[in-house]
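Since the structure comes first, as structure tokens, the remarks are kept for the end.
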Amino acid sequence: AATAPRIPPTRLALHHFDMSYSLQLKDLWPSVRAGLLCEQKYGALLNSFSAADHVAQELELLNATDFVSEAPKKAQRSQRGAAAEEAGRGESMSGEGRTVMQAETMTQAEMSPPLRASVSSNIKCYTFPRGDITRFRPARPDALGLLDYYLMDAASLLPVLALNVQPDDFVLDLCAAPGGKTLALLQTGLCGHLAANDISISRTKRMYQILHSYVPREIRETVSVTSCDGRDWGQLEGGTFHKVLVDVPCTTDRHSVMEQDNNIFHRRRTKERQMLPMLQLQLLMAGILATKPGGDVVYSTCSLSPLQNEYVIE
């Protein structure tokens, strides 16, 4: 008997996204689609524990910029542009009225607080400009053997910035492997204690390697690494943490359209993919239960799917 041709999981993923995201994003989907299919660009998260002080200057000479420190400046420029546009709409008013309106709007823009200034001042992540596909050199060790930067998708820093860690906070990274966000949390220099958990033992081993490559022993002693089922965490240590990051397993859209290995769109993983929103909801609930009253939980994915984002939250 003839067998149906085997369709690569990357093609299945792209077909699925074409069907669903084109309805969700409409005219934006072609450009988003192109972005997913392009070679991934990395950011270089500087290691504040490394003695390589020259690295920032080296990257700036290559035309890379620290997007974390640039974000508040861009936001302020955008606010001022919006204020000027709003002021322009008042041209039909009297000269005096227009001046007052413009002054008030500009004052609001200038007084807006910097974006997560408490964290931004400690985290530095360099990226190349849009359209520049220069690759970062491999990380190098300093005299103590600590690597000077960690290459990661710069967007992965956004949940860490949103968590807004404060001095001596107890922080939980519930689904922490392979460890990029855990490392970024340590770069804030603010965690009183950091619990990094992941259900996968093999991925947890990778996280241990990252911590030993980037973090001195005295800082590693403030980190506890575990391999528990995150869904049970609320029962294990309920109401313990000031800040909890729930960066859940998801369809990992870019990986799904680019890589055959470990692709959740493989036909044998169909049931697992369909059950993702339920798993994500259970992990989010466990993260909430692990949080102290008045604490903060940040939920994040690397998927565009509303089923894995808005609908889980709602």
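Here, residue 1 is simply the first one shown, and the rest follow in order.
Note: Cβ is positioned from N, Cα and C throughout, glycine not excepted.
Positions annotated as active site, nucleophile by TrEMBL: Cys302. Using a 10 Å radius centred on the Cβ of Cys302 (active site, nucleophile) and all shown protein chains, the other Cβ atoms total 18.
For Lys181 (S-adenosyl-L-methionine binding site), other Cβ atoms within 10 Å of its Cβ number 24. Sequence annotations record features per position, and here TrEMBL assigns S-adenosyl-L-methionine binding site to Cys175, Ala176, Ala177, Pro178, Gly179, Gly180, Lys181, Asp198, Asp229, Asp247.
Annotation comment: TrEMBL describes 78-98 as compositional bias 'Low complexity'.
Residues annotated as region 'Disordered' in TrEMBL: 72-98.
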Between the two most distant Cα atoms of the S-adenosyl-L-methionine-binding residues Cys175, Ala176, Ala177, Pro178, Gly179, Gly180, Lys181, Asp198, Asp229, Asp247, the distance in Å is 20
Going by C-beta under 8 A and a gap of 6 or more residues, the same-chain neighbours of Gly179 (S-adenosyl-L-methionine binding site) are Ala196, Arg206, Met207, Ile210, Leu211
